[in-house]
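Feature annotations, courtesy of Swiss-Prot:
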type	residues	note
BINDING	Gly34, Ser35, Gly36, Lys37, Ser38, Ala39	ATP binding site
DOMAIN	26-225	domain 'DPCK'
REGION	1-20	region 'Disordered'
Amino acid sequence: MSKYAAIPSPYSHQPQAPDHKSKTLVVGLTGGIGSGKSAASNWFAQQGIDIIDADVIAHEVVVKGSATLRKIQRKFGDWVLNINGDMDRAAVRTHVFTYPDALIELEAITHPAIREAAKLQLAESTSPYVVLSAPLLIEAAEAGLANLCQRILVMDATEDTQLARASQRDALSVQKIKAIMVNQLSREERNLHADDVVLNENDLAALYAQLEPLHQDYLKLAQQLKFAAD
């Protein structure tokens, strides 16, 4: 078994006091493309754990007519909207890829909105603990999502596995997948930020076998947190 398989990392995540008032334990779930974040999220959800998905929130905060989309329009111009008034994601994606400073400006608008929406969902959670899933939980430090978490769980996989899964799932070319991976931390760097790392190289049964003891640990930690807060 790999030393990274469902064991605490010696470089444990040490966040500041979580920036939310909930007594609920928040586990940040992250990992590179094709590492199995969705499979892990689905398993936790099946155990009755509330899942906050940063990708879903990122889409929700820029829906047609939203305050965040209006801010983006004022900042960049009407071209960010398509003929239906929705955000033209392809145009915006091309623009920020061409002009890196534009990405910084865009994230200065979207990240606070994503963070606030995540905090609202945390406040509404009723499960013993919450999983906050974010592909760039560590990379996008300025978004502040990692500081909402008391613990970080990293899904880990070799590059070959990532490429195989992502190409099968998303029908992406190897070149496109590698371009995405360039903007993500390396496995080694990401694992340094983790409290727990699951090496996801086999089938779902093997993955679930690693997640079960972590789930039990998180239930215990959640109880401890609530007792300490009372």
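From the backbone N, Cα and C atoms, a Cβ is placed for every residue, glycine too.
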### Query
If you run the three-state DSSP split on Ala39 (ATP binding site), which class comes out?
helix
### Task
Determine the mean pLDDT over the domain 'DPCK' (26-225), rounding to the nearest whole number.
92
### Task
Just jot down the residues in the same chain as Lys37 (ATP binding site), at least 6 apart in sequence, with C-beta under 8 A of its C-beta; none if empty.
Leu29, Thr30, Gly31, Ser133, Pro135, Met155
### Query
Among the binding-site residues Ser35, Ser38, which residue has the largest number of other Cβ atoms within 10 Å of its own Cβ?
Ser35
### Query
Taking the Cβ of Ala39 (ATP binding site) as centre, how many other Cβ atoms lie within 10 Å?
15
### Env. residues of ATP site, Cβ within 8 Å of mean position of Gly34, Ser35, Gly36, Lys37, Ser38, Ala39 Cβ
Gly31, Ala40, Met155, Ala157, Arg165, Asn200
### Query
Among the binding-site residues Gly34, Gly36, which residue has its Cβ surrounded by the fewest other Cβ atoms within 10 Å?
Gly36
